[in-house]
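Listed features, source TrEMBL:
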SIGNAL    1-23  signal peptide
DISULFID  C32-C249  disulfide bond
DISULFID  C80-C91  disulfide bond
DISULFID  C96-C103  disulfide bond
DISULFID  C154-C237  disulfide bond
DISULFID  C159-C220  disulfide bond
DISULFID  C167-C183  disulfide bond
DISULFID  C187-C196  disulfide bond
DISULFID  C197-C207  disulfide bond
Amino acid sequence: MAPRTWLLALAAALALLNRGARSATFTIANGCGYTVWPGLLSSAGSAPLPTTGFALAPGESRAVAAPAGWSGRLWGRTLCAADAATGRFACATGECGSGGVQCNGGGAATPATLAEFTLDGSGGLDFFDVSLVDGYNLPMVITPTASSSSSGKCAATGCAAELNAACPAGLRVDAAADGPVACRSACDAFGDAQYCCSGAYGSPAACRPSAYSQFFKAACPRAYSYAYDDATSTFTCAAGTTDYTVTFCPGVPTSVKSTGQNPQAAGLPQQANNGTTMVFFGGNAQPSSAATAAAATNLLVAVAVTTAVALSSQLL
């Protein structure tokens, strides 16, 4: 073999080995106006990530390399601080119970918005989603970046809407000095089998969307809203050629204010009677302005929905 041919073959082999060792890179970005402490948890049997938690100031981002075949989840912790007397670190939302910035194998306490990944899965695909099944604490979007043409349902997904202020009273989590800071799922709040898709409701046929899950689905159509919400909420990209950006609080006007009205979640009107609209991401309409389109990453699109996004008292 000629020297140049041998060198090219060696370079190709090394490239393949390197790709096999690094399945994907997660770039975790904070678009919020406050510090977020990402938490990261590997599934049982998955190789650990190089970190399980850190702080991200507003505007900061950090890359985390994931090994081949990794599966697990990541989330954002908010309102965190170390106790002045004990030094124990704790967070108002997304708390992982480790007592430190690193979660060290601890998962997110509910409610928390979750990004879930299985890399190098069936059919040579990465599987990913944003889940509100365990509730919601802050906006989050996953944007894939493929280095070559990708297969599967390779698209951005997530929940860019700020839902805490609009959360139905029975699900709302309030902090004394900060107001509403998170929104529980109906399963977490009430524990009923019909909301948890357990017992007699433990199948897709038996467990159907509830008024509570539809509150989340109406605002965030691409996110999981209950356990069997697979059809519209699981996304796939080619394994080994796709990296992912996970952004907390994408830079869009997504704050939602509650009016106490019933949103009729499965069919929200596009405009309130007073003409007021709010922009959400994840629907099928096109962005309404160039600024919104730029903030929508490469796929999430805007839909106008009424500001009446809290469930009525009859649902509580």
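Cβ coordinates come from backbone N, Cα and C, glycine included.
Features recorded in TrEMBL, as mapped to the structure shown.
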{"residue": "C80", "record": "disulfide bond", "Cβ neighbours (10 Å)": "18"}
{"residue": "C91", "record": "disulfide bond", "Cβ neighbours (10 Å)": "23"}
{"residue": "C96", "record": "disulfide bond", "Cβ neighbours (10 Å)": "27"}
{"residue": "C103", "record": "disulfide bond", "Cβ neighbours (10 Å)": "26"}
{"residue": "C154", "record": "disulfide bond", "Cβ neighbours (10 Å)": "19"}
{"residue": "C159", "record": "disulfide bond", "Cβ neighbours (10 Å)": "30"}
{"residue": "C167", "record": "disulfide bond", "Cβ neighbours (10 Å)": "26"}
{"residue": "C196", "record": "disulfide bond", "Cβ neighbours (10 Å)": "19"}
{"residue": "C207", "record": "disulfide bond", "Cβ neighbours (10 Å)": "22"}
{"residue": "C249", "record": "disulfide bond", "Cβ neighbours (10 Å)": "21"}
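Nothing from the disulfide-bonded residues C32, C91, C96, C154, C159, C167 places its Cα within 10 Å of the Cα belonging to C196 (disulfide bond). Separation of the C-alpha atoms of C249 (disulfide bond) and C207 (disulfide bond): 31 Å, rounded to the nearest whole number.
Taking the Cα atom of each, C91 (disulfide bond) and C103 (disulfide bond) are about 11 angstrom apart. Between the C-alpha atoms of C207 (disulfide bond) and C96 (disulfide bond), the distance comes to 29 Å.
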